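J.: Encoded as structure tokens, here's the structure I'll be asking about.
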Amino acid sequence: MATIIDGKAIAEKIRADLAAQVKELQSRGITPGLATVLVGSDPASEVYVRMKGDACNKLGMHSVKITRPAETTEEELLALINELNNDPAIHGILVQLPLPPQINADRVLEAISPAKDVDGFHPYNVGRLVTGKPTFQPCTPYGVMVMLQEAGVDLAGKEVVVVGRSNIVGKPVALMCLQRNATVTICHSKTRDLPGRVRAADVVIAAVGVPEMIKGDWIKEGAVVIDVGVNRVGEKKLVGDVEFAAAAERASAITPVPGGVGPMTITMLLHNTLEAAKMAGSGNR
């Protein structure tokens, strides 16, 4: 039976360390500030924004939630981003996706100052990630890397299969594994023989958004399974992209859903916001 990689416990440990660092910064007159921007009233987005704000407040960070109606124009949103870029009390800017159809999300994300891009989505920061330079790393992939490290998984020489190729998780997590000397295969909807690819993997990272798509008997004996997916089945049940119970019989370690990668995403957002505040305080932007 697999060891459960407890994302909640790892996140709590990291947040305790972050809280101590926030106090130290505050002693120098700097309080890390995060602005979250929500356009419209998507219920799931409202929950995510509230969770991010609550997490900031618990650490002693400054949190600002800015809501705009769904009919907000792209020009109005870009003007708001410009204001936040020039606000010295704000170190991180997060625009909650998805945005209404009249707004081009790429243009909005590119308008955020790279020094305040704590989501790691700006092309400047993506380019630095690709070339292996220090940068804000996207929060979910960063959380996955920290979980693997905490679980004692050394990726060097390992066969890693990433299922999913999104800009938010699949592509960046594959890059991060490559930088840690793994041999990486990215699978997607056009991949031939997905079960065969997964069966060859020492580490499986599932980020495709399809409930229990990765079957337990696809998992190699002793493999490590990181399940990024969060899918609602019925009214209350949450499941990942991996068939958890069956996979846990074969894997050496596995993340649960919920309680796995999810808590790490917000934790790494807090980490990035703290780093942005440190850079602003040192004038290194």
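Placement of Cβ uses the backbone N, Cα and C atoms for every residue, glycine included.
When I checked Swiss-Prot for this same protein, it listed these features:
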BINDING   Gly164, Arg165, Ser166, Ser189, Val230  NADP(+) binding site
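For each listed feature, how buried is it and what is near it?
T.: Around the Cβ of Val230 (NADP(+) binding site), the same chain contributes Leu238, Gly240, Val257, Pro258, Gly262, each under 8 angstroms and 6 or more positions distant in sequence.
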J.: Over the residue list Gly164, Arg165, Ser166, Ser189, Val230, recorded for NADP(+), what is the maximum interresidue Cα distance in Å?
T.: 18
J.: Please list, in sequence order, the residues in the chain of Ser166 (NADP(+) binding site) that are at least six apart in sequence and whose C-beta is under 8 Å away from its C-beta.
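T.: Same-chain residues close to Ser166 (NADP(+) binding site) (Cβ under 8 Å, separated by 6 or more) are Ala207.
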